[in-house]
Amino acid sequence: MTTLEAFAKARSEGRAALIPYLTAGFPSREGFLQAVEEVLPYADLLEIGLPYSDPLGDGPVIQRASELALRKGMSVQGALELVREVRALTEKPLFLMTYLNPVLAWGPERFFGLFKQAGATGVILPDLPPDEDPGLVRLAQEIGLETVFLLAPTSTDARIATVVRHATGFVYAVSVTGVTGMRERLPEEVKDLVRRIKARTALPVAVGFGVSGKATAAQAAVADGVVVGSALVRALEEGRSLAPLLQEIRQGLQRLEANPGLKESSKKPLS
């Protein structure tokens, strides 16, 4: 299943796509795979976070998960193996969220090539402004990975135009200025951010940061998709089942009226 097909399927069902985030190797290798099996029936796409020692864009919940996964021996090689195992479980799009440092440490061509071979659909690069290293972005795309970048409510229209020009797959709209984490309510600015992004690209737009339940999911459902991370990781941290939370969030993603249809994107890797 392609990324556009996954978003289109959700839209045909009158809802935003659900994109669960899980940290590779948390709460353990086996626990991670169990969590994947629990979220897959609800997920349209899946985001897997590569644990990193200095996750500047992540809040305390995901920071703790990364620290524990690293202490238990999770590594880039371990994440590769997990992506391969997850790919054997599903045909749904799988996106690897990674900071730039591990990519550079392994060498971009090797890193991207191995994750593509393992079954990743694309990479989310939260700390890479794509116009600062278009060659690296182009390399990922030529290897066959979709490239996803973040935009915030503070992003200017000019900045949005620059970022979406380098993006493939979908565009990640950050609901708040700050780090990941659960919130009781999302700021109203998220609607305007989604509108401004969609005015400049045919790619799907997914909202992340702060979605923790039905109410915040409903707010975020102005977008084509919604990423849920900290709330799921917190549930794993506390030893709770993920199904009740996923059911609640799916209810919030249901729309009374479907958003305007996704246009078939003709975007190709940068040349």
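For all residues, glycine too, the Cβ spot is worked out from N, Cα and C.
Remember, it's a predicted structure, so these values are computed and weren't measured experimentally.
Quick look at what Swiss-Prot lists:
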- Glu47: active site, proton acceptor (ACT_SITE)
- Asp58: active site, proton acceptor (ACT_SITE)
Residues satisfying Cβ distance under 8 Å from Glu47 (active site, proton acceptor), sequence separation of at least 6: Ile19, Pro20, Tyr21, Leu22, Phe95, Leu96, Met97, Ile124, Val227, Gly229
Where Asp58 (active site, proton acceptor) falls in three-state DSSP terms: coil
